[in-house]
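What follows is a short report on a single structure.
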Amino acid sequence: MFQEDGSSSVTSSPLQNFPMTLLSPAPTAAHPWLKELKPEERGLYLIHLLLNCSSLVAAGNLESANIALDQISGLASPQGDTMQRIAAYFSEALADRILRSWPGVYKAFNSTRVPAAAAEEIAIRRMFFELLPFMKVASVISNQAIVEAMEGEKMVHLIDLNAAQPAQWCALIQDLSARPEGPPHLRITAVHHRREVLDQMAHALSDTAENLDIPFQFNPIVVDTKVEKLDFEKLRVKTGEALAVISVMHLHTLLACEDDPRGGLSSSNDSGSSSPLSSPHSPGVESFLNAIWGLSPKLLVVTEHESDHNGRYLMERLGESLHFYAALFDCMESTLPRVSLERQRMEKMVLGEEIKNIIACEGTERRERHEKLEKWSQRLEVAGFAGVPLSYYAMLQAKRLLQGYKCDGYKIRDENGSAVVCWQDRPIYSVSAWRFRR
Amino acid sequence: MAASSSSAFLSSRDESEQQLPPPPANKRRRNQAGNPNPDAEVIALSPKTLMATNRFVCEVCNKGFQREQNLQLHRRGHNLPWKLRQKSTKEVKRKVYLCPEPSCVHHDPSRALGDLTGIKKHYSRKHGEKKYKCEKCSKKYAVNSDWKAHSKTCGTREYRCDCGTLFSRRDSFITHRAFCDALAQESARNLNPPSIGSHLLGLSQQDHMNQGALSSHDILRLGRPSPQYETLVSPGEFRPSPRPSLLHPNHDHDHQNQPPHNSMFPNKSSLQGLMHLPQLHMNNTSPNSSTGLFNLSFFPGNTNNTASTMDGVPHHSAAGEDSTLFSSGNLMSIAIPSLYSTSHGMQSPGGAQMSATALLQKAAQMGTSTSNNAGASSSLLKSFGKSPDHHSFGDGSIYNGGSGGGGNHLQDLMNSIAAAGVSPAASMFEQAEYRGFHGGNSNGLSSLEQAGRLTRDFLGVGEIVRSVREQQQQSGMDHHGKETQPFGGGSFR
């Protein structure tokens with residue numbers, strides 16, 4: 001029975017057709033009813049297929065999941081409308097997850113993959129930074145917080161834990177040079193896993209500082225914090241300097257730890273756990289925060305995704321991430337035309353990779369462990385930091401920036417002194433400032 | 001401490017704006033605040049001494065006085081010998097005072113303050129505790145006179161913006177109003193996004209830039225918080241303000257070789273900011289393709305880097321250019337694509353496109369509206385609609401098969417969807433999910449109805465199948481076959 005009907009769909013799979021078409025995917029001959037689906041219906045159907053498939057995958061029912069994936073691939077497309085794209089990336093993530101249950105196959109399948117050229121990925125990420133205002137808003141807010149915290153300071157040391165965009169620091173250098181009391185002696189330590197990024201940043205920042213005649217030092221540190229721990233000695237924090245630590249989309253990677261085989265975290269619920277957190281305590285991030293606290297920074301600015309993608313179970317993560325990335329894909333849709341290759345690349349290399357990591361990976365490999373601000377606030381308070389409310393002027397600048405994008409989907413709101421940037425009603429990123437507290 | 005000299009030095013709050021060299025020594029000139037006469041006597045007092053209100057104490061009654069003269073006059077009352085010091089005729093050595101706080105600018109002798117009262121007030125203001133609080137607003141002051149002066153004017157002079165916000169200070173009012181105006185005028189100006197786009201399109205031509213002046217000014221204006229904003233309305237009056245550079249077009253990064261057209265200068269810099277898009281790999285796009293939001297042929301060589309891309313020559317390895325592009329660090333470069341979005345945005349093949357977010361919400365609603373109280377096996381959608389219920393997704397045993405509550409809803413859904421006029425199609429059950437089923441066509445069922453059925457109760461699919469079969473039996477359709485495998489329950493054959 002399966003062969004009769006199934007073969008028609010398997011062999012004349014629509015998959016081959018899709019990469020050729022740049023428009024919405026052409027319906028297949030095997031499923032004429034697909035032609036009849038309006039985009040909204042197709043979108044709804046895709047959602048249900050995705051949910052169904054992921055529950056199958058979570059249950060371990062891989063054969064049925066395979067069939068579900070087949071159907072999804074008949075409808076999804078990275079060049080289609082928003083829901084089709086989302087479905088494409090989520091189904092890819094699910095397929096990746098399935099494949100990992102056969103480690104031999106997985107490794108062989110990926111063994112000859114050539115990683116994307118570093119330059120391309122850097123360019124795509126920069127485009128993402130420029131195109132969508134979220135990261136820029138975070139930069140503006142954190143720069144303002146830094147300028148305010150460093151008022152009157154003569155020696156400023158800035159540590160960027162995930163240094164990717166020189167633009168933020170160029171702007172900060174300009175701000176600091178415009179201070180009434182004159183610029184401080186500025187030192188920036190940047191941490192990143194790619195040497196090229198740090199080289200670019202060194203050039204850009206040194207040029208800016210030189211033009212403005214500011215005493216400036218740049219200290220690059222190449223380390224993949226996902227793989228190895230950051231050696232705090234390398235940061236070379238000196239006494240007497242005012243320290244600001246900036247963490248953009250970085251803290252959550254430290255939550256990666258060994259999960260138990262059922263997909264949960266190895267939580268210690270016993271009374272021995274020192275941290276009164278509602279979430280299982282994660283030793284990695286705790287020790288990191290304690291180490292930062294040990295440097296007694298004047299300011300710590302944390303930017304994180306404002307969504308819980310660190311659930312124990314796949315279905316939780318799927319639900320949350322579907323909503324979250326749907327908002328981001330909608331945002332892309334209203335920013336770039338569908339035919340834009342750059343949009344596709346950004347969706348693939350930035351969003352798609354995050355989705356894949358959230359859905360497909362477990363344990364230490366799952367690094368995109370986004371959590372909401374309230375959990376981060378708890379962790380930071382336990383580690384000895386006190387929240388610094390963002391100033392009116394910082395929020396004002398952020399609002400202006402968003403208005404400059406002439407798209408009324410972007411919203412920003414103040415949540416207990418922290419900023420949350422939203423797309424329509426969906427929170428996307430949060431920016432919060434903290435200070436060392438005894 | 002002559003009163004006349006104190007006022008000048010009182011103005012030296014913390015930092016002095018001008019750094020003039022000290023005047024020649026033989027001229028007795030009033031120095032700039034914080035830049036004392038080089039041959040003045042430097043006096044460093046301890047904090048305690050500085051803050052002591054009554055340094056001169058009568059030995060008889062221990063009454064304290066701020067000035068020695070007053071103490072002397074007081075001693076007359078005790079019949080004690082007193083001596084009023086006259087102002088000496090010889091040249092009095094100027095005294096300058098240091099702030100005892102080591103981290104303060106005025107701790108350094110070259111930046112000493114010339115007046116004792118001044119240094120006292122400075123120390124209180126900067127390094128002291130703010131003990132005085134205004135009643136009306138919550139402003140705090142360390143120096144009594146400051147507090148009194150403020151209380152006099154607090155609330156007396158108010159500025160109100162059209163939007164209703166109240167200000168007590170003129171400068172903050174003006175800042176706000178500039179911004180507020182921007183809002184008002186932006187909403188008035190939001191009529192023609194394509195026109196703005198066409199201005200951007202015509203960047204290469206000077207005349208286009210001329211026409212584009214106003215809209216670029218709009219864009220320029222968006223980022224300007226300065227009070228001088230109001231003067232920016234007319235092109236050519238571009239006054240850079242000492243405001244944070246994030247909102248400041250980078251006019252100091254003049255990479256262009258273009259004739260410095262003065263009135264166009266602000267446009268250029270803002271447009272330069274606008275054009276801070278990274279170099280793209282144009283390998284796959286032809287220069288003439290209309291896809292090109294990022295077709296940088298729209299943006300001619302106003303930056304030295306983009307010149308080559310204007311020919312549509314693909315740029316490889318954008319690393320070098322990227323750094324220079326971003327060296328200007330203008331975070332306020334406006335996202336041009338968003339301008340296009342209004343014209344190109346929703347390219348729907350037909351009909352209104354729902355955003356993915358809206359679709360998800362709709363799906364969630366459809367899920368929650370099901371009355372399936374299947375206990376542990378609450379439908380995927382039901383949980384999807386709310387925050388995920390952890391316990392329902394334990395492991396494995398999701399498919400407990402729903403209770404039979406869904407049938408009625410299916411009927412309702414089918415009716416509503418049939419009303420929506422979706423054309424009948426081959427049963428997707430047979431061909432798609434339920435491979436095990438032979439296909440008869442379900443005449444009455446449209447594809448969406450079937451989708452709807454799926455949405456009803458994904459998990460309890462067996463129930464769906466059962467109810468579908470019931471329906472079909474009712475409507476006399478072909479039997480779906482004996483296969484009762486729920487969707488996920490087992491292997492399909």
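Heads up, the Cβ atoms here are built off N, Cα and C, so glycines get one too.
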Motif 'LXXLL motif' according to TrEMBL, located in which of A:251-255, A:381-385, A:421-425, A:431-435: A:251-255
Within the region 'VHIID' (A:125-190), residues counted as helix, strand or coil by DSSP: 36 helix, 12 strand, 18 coil
For the motif 'LXXLL motif' (A:251-255), residues assigned helix / strand / coil by DSSP: 5 helix, 0 strand, 0 coil
Within the region 'SAW' (A:360-435), residues counted as helix, strand or coil by DSSP: 27 helix, 26 strand, 23 coil
